[in-house]
Each structure stands twice: as structure tokens, then as C-alpha cells.
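As annotated by TrEMBL, domain 'Aspartate/ornithine carbamoyltransferase carbamoyl-P binding' applies to A:15-157. The feature carbamoyl phosphate binding site is assigned by TrEMBL to A:67, A:68, A:117, A:145, A:148, A:273, A:274. The feature L-aspartate binding site is assigned by TrEMBL to A:95, A:178, A:232. Sequence annotations record features per position, and here TrEMBL assigns domain 'Aspartate/ornithine carbamoyltransferase Asp/Orn-binding' to A:165-310.
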């Protein structure tokens, strides 16, 4: 049994992972290097390490998410931690407890790592200031989803080698997407050129000041892109509030083979999941040769293992 | 005597070339108002100039002697309530198109508040097919801004534009939610779609049937204050600025709206506005003894307002004149004033009524044609609105000075609710040409 992913000290000095914002290119690259090792481990028969042996990891999900929660759970378990899942349905939050009271209660239980998802932007940050352990943001409101950006970066790096002069097009509901925000920051830090593509109703105010190229036409925005990253459109935003209908959205902003043909011939197709087939992406493309969507899920576990190990390196009594 | 053509689909044969000789050519698209000839071949304007046609004509060409009468691009009426589908007893596309032809209007833009509402690709397609088979002028639908005109969910601007919708509007209805209007304008921007809205706060205007004034009080009728218009207009203009969308304020009625519009235009907002010809030709005193044919939306306002609107047309603050053609059957108008329906027909009298501003020397003839043809065509992305070579031969040939009296029973509209009954007009349409084909002619010698 291998003891840890890292064979030398990890160049990551942060106590929490609350967002990509604030991380340096070296921080990100250190995590990606570590993730590459985790991928190797995960492909072995023996996947268990001992980095987090004796540590307690609590997954606190105020917003339901099967895939992110199970990915963090698996990552923690593979590193040897004791993992407990708390979801909103079974917690005292439903009984009216405030976020800070929940934090105090959890703090008293002395976990080592807290993985938090919350529907309000900034809630994870607030919680991090009230607990003694390391906190990982598993998605807060429309703010950040750092492990998603890291797993996307890992997937891209493993296919393209480098980010220099790489054109990444992020398409869809940018306004409400924490995935988009984290990815914009992450990809730019790594040296990629980022484009965002959406109807004006789904673009956040001031997006042109994010250092990205803004397109309101998918065909134009996708032209020559090396990576096409589709975002999920929530059901409640499909029927007339932000876009008039699924069929109109699919017609102009859904990725199908015809539109994908405008991207670079070897362009990667990505999606953070879960997909709405026939809304933002056509099945032919989602399941096609250029799609790396299931690979993203695999990278997700690896990236989360790397993050947990990097944070554990700085825990008391490590 | 007047003569109308039948729908094109009944006689799909090529039309003979025609030469208008010695006419006053009015072309706002090039700023020309000069004497000359104009040759039409194959549905298009083949050539124009002082010598065109002098050295030989195409075989079978018809020659129309102008003798100084005017030839202008056919009018494009941006606000026509038709009634088909759903209210065919008021007006059909066929009857509206005959009225339009008699008025020199070569394109009518019909409103979506029909039954069913034109909020879906299939309905746009239906209207366009119906128009192809029954109309003698061009008919272009505006589609609804919101599904079922409920003001909650936006319609498919992209797909509807592809299907042939030329703009988007709620017709008589208003978008009360500022958030909804913001999203509509924001979404419209991506498709360069035009959002057309009659700015009137329905809450403030509720119950009102005439302009709020001393006259309304004397008649004992509840009024609609100017502010119902200006408050909504301010909101819309601000949101147009915020979103970058193209906005068109339909049917302004009061003086106080003009400075708001000027400021928005100076700031570079993509905004334009129209006025109904009734508000340029009439004022609230025309209502007289509770004459319901003068009950309009927006209401006829004071003479001061009317003069300001005329000035707004002359100086370019207001961009378009519309007929606001709104057929109502006798039963809905033969009611106590407060209970009767709004609206008056007007597509047939649009040009003649607008010419009053020319005869009163307030607005040039060229500017009038610009507001009723060139500008609406440009706003809606339609060909036409000019007399340049290669443009579609949609033309109105008229005598700007010929006097006539509006006789209600002679109007082509299925409904007769005109507010120009027995009015003396100066300026008569003698021939209307759509795509090189004469669809209406009036022989003044017969």
C-alpha cells in the first residue's frame, strides 16, 4: 500500500480551498501534478492510500448533488479518511438552525476537513471563518466551484499538453454558473484564451471586464476553439424567463454536430454534468468521439484526492 | 372610378412594364424631390431620371402620364389591427389589403393580438400563407412579445424572426413588469429584433376613456393623464439604454413625451417612436357630443399636444406615422362612450390625413413620405421605402392637391368606424403598385 500521492513537499500553502480566485498558477499546477498521480492510483486494483488515515471528513451539502458528493466521498475514502455525509434533508437546517449554528455544532465534533456546498454565494466562505478545520468549497451559489475548474483543467491538460494559445469556449448560462466563474479564472491563470458564449439574458453584467471575449452567437464564438465547454441550463430558466423555449435555445445555443464542425477538428467537448440532452447538447455530440464528458468524472475523483491531500499536509499534527 | 386587382395567386402572370412619365419623384432614401420618369420592369424599379424611356420602351409597356402628380415609394403602415384570425367580422386580411391599396399603402404590418395570438411560428406561417392567397398588398406580421400576451414568458424571437415576423409587440396590451421588459429588450438585442410597445401605464390609465382635461371633466368622462404615457415611456427608454435593445414607442400622444425621446436619442439609445395620424390631424374637441368613433387609444389630446406632435414629425423627434387602423364593428361602437370600444380604421385615409400637414405647410412632402415609407421599412428590415434602381416596385402615384370627401360607405374596410367621416381631404391616390403590379387605380376622368 502506497502511503501518499506526493513524493516531495506539495507547493500549496493554503488552509482552505474556497475558490480559484487567489490561487497562483503554481498552486494550480501543483494540484494538477498531484492529480495526475491520483489518476494512476485510481487505475490500479489497489486504490487505497493512508494520507488521511485517522482524519474525519464531513461532506455538508445544503444543495443536493449526487455526483459531486459521491466524488468527494470516494476521494476521501481512497485517502483513508473517515467520511460522513450530511445532506440538508437529514440535517437540523431543515428545522430552522442557522448556518452559523450548524457551523458551531460541526466545529464541536472536530472534523479535519469540511466539504461544503451551499445555494448562497459566499456561504462557504462565511462557514470557513467559524470552524477550525480545512474547508473545501464544493460549489457556492453562482460564485465558485473550484474543484470543477481543476478537474476541467486536468482533463484539458492531459489531452492538449499545455494551455498556451489554447482557445476555450464556455457556452451557456454564464450568468448563473459557478462553474463558468471558476473556469474563467483558472483557465486564464494557466494561460488559455477564454471565450464566453450566451444569449444576453444569460450573461452577467460586466462580463466584458472579466478578460474574456464575449460572443452572443454560438457559431461565431465556437469558430476555431480547441475546447468547447457546455454549461447546464436549469429547467426553471428555459420557459420564457431567460430564454423563450427549449427548442429556440437548442437551435441557437445547443451544441450539435453541425456547430461543432466550426470548432478546431480536434476540439474537446466538455460538460460539467448532469446534461440536458436536446437542450444545451445533442446526444450525437455528447456521446461522440470528441466528447471527454465521462473522463471529466474520472478526473473529478483524482482532483479531489489531490485537493484533500494538499490541505491535509497543513492540518495540525500532520 | 376606383378599381382593385384580385390576389396575385389568382392570376400569376408576368406584369407588363410601366413607365411613369413626367412625375414628381419623391424619394426620401436619396433625399430627392424632382421631376422625372420612372420605369418599372419585372416587379422592380428598372431606371429613373429625366430622360428614362425617351429612346424606346420595353415591349408592351404601359405609359402613365404624370402631369406633375407625385410618385413615391408605397407606404408601410406599421400598426394595423386586422382581426384575422379570430375576428373576421371586423376585418379580414383580404379586406384590409383592399383598404390599404386604396390608401397607397403597399405593406401593412399586422398586430399579433388575434385569436389565437400570433406567438408561435405556426401562426406566423398561417398569416403569411393567408396573405399570399388573399391579400393584394404585402402583409407582414408582428409577433407577440410574450406567450398568449400574458406578459410573463417571452416568445421565440429567433425562430419567429426566421419565420417572417418583422418585429415584436403586445399590440394594445402593455408589459407592466419592468423586469420582463428588461429581459425582452436584452434578448431581442441578440437577434436585432425590434421591440414595439405602446407606452401607457395601464394602472394609471385604468378606467380612463379620454384625455384627462377640463373637457373630460365637463363631459363627465374619466380621463387618462399624460403621465400614464410619460411614466411608461421613461421606464422603457431607460431599459432600452440599459439593455442595448432596439425599442420603438408606438403611438405617442402628448407633448411631454417629446423631450424624453430627444434625450434618449441624444444619449445614443436605439429608440424610435411613432404617432397615429389621428393624433396629428385631430384633437380632443373633435369628440364633440360623445362621438365614440373618436374614442381612441391613445386618446386624442389637446391642440397644444397635437401641434407638438406635428413639430416632432417635422424635426425628426418622431420617426413614423401610422394609421393605428383598428376596425370595430358597429355594435361595439354603438354604446355609451365609456363602454364603447377604442379605435378607428385609418389605413385607407392615412396618406390623405397626413397630407394635411403638408397643406398646412408644417411638414414637407418628402418628410411625410419618409415617416410613412422609408423609415418604417428600414426599422422593420423590409426592402422598399425608396425609388432606387433595383428596389421593389412598390409605389404610390397620387395627386397631392385633388380634393375629395371621405364617404363612409365607400371605404373598403369591413368596419366603418372612421374618425374622418365626411371630412374634406386634399390629396388622392390614383394608383397603387405592388411588385410592379397595379393593385388599385382611380380614374379621375371616369
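Easy rule for this one: first residue shown is 1, then count along the chain.
Backbone N, Cα and C define each Cβ position, glycine as well.
Automatic prediction, not curation, is the source of TrEMBL annotations.
Sequence features, as recorded in TrEMBL, placed on the structure.
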residue	record	contacts (Cβ under 8 Å, 6+ apart)
A:67	carbamoyl phosphate binding site	A:273, A:274, A:297, A:300
A:68	carbamoyl phosphate binding site	A:61, A:117, A:138, A:139, A:147, A:148, A:300
A:145	carbamoyl phosphate binding site	A:137, A:138, A:139, A:178, A:179, A:181, A:182, A:272
A:232	L-aspartate binding site	A:172, A:173, A:177, A:271, A:272, A:273, A:274, A:275, A:276, A:280
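Within the set of binding-site residues (A:117, A:178), the lowest number of other Cβ atoms found within 10 Å of a Cβ is recorded at A:178.
Mean model confidence of the domain 'Aspartate/ornithine carbamoyltransferase Asp/Orn-binding' (A:165-310) amounts to 96 (pLDDT, 0 to 100 scale). Across the domain 'Aspartate/ornithine carbamoyltransferase carbamoyl-P binding' (A:15-157), the DSSP tally of helix, strand and coil residues reads 66 helix, 27 strand, 50 coil. Same-chain residues that are not part of A:67, A:68, A:117, A:145, A:148, A:273, A:274 yet have a Cβ within 8 Å of the Cβ center of the carbamoyl phosphate site turn out to be A:65, A:71, A:138, A:139, A:179, A:272, A:300. Local packing around the binding-site residues A:273, A:274 was summarised as the count of other Cβ atoms within 10 Å of each Cβ; on this measure the leading residue is A:273. Its own atom aside, the Cβ of residue A:148 (carbamoyl phosphate binding site) has 26 Cβ atoms within 10 angstroms in the protein chains shown.
In this structure the residues listed as binding carbamoyl phosphate are A:67, A:68, A:117, A:145, A:148, A:273, A:274; their two most distant Cα atoms lie 16 Å apart. Mapped onto DSSP classes, the domain 'Aspartate/ornithine carbamoyltransferase Asp/Orn-binding' (A:165-310) shows 60 helix, 24 strand, 62 coil.
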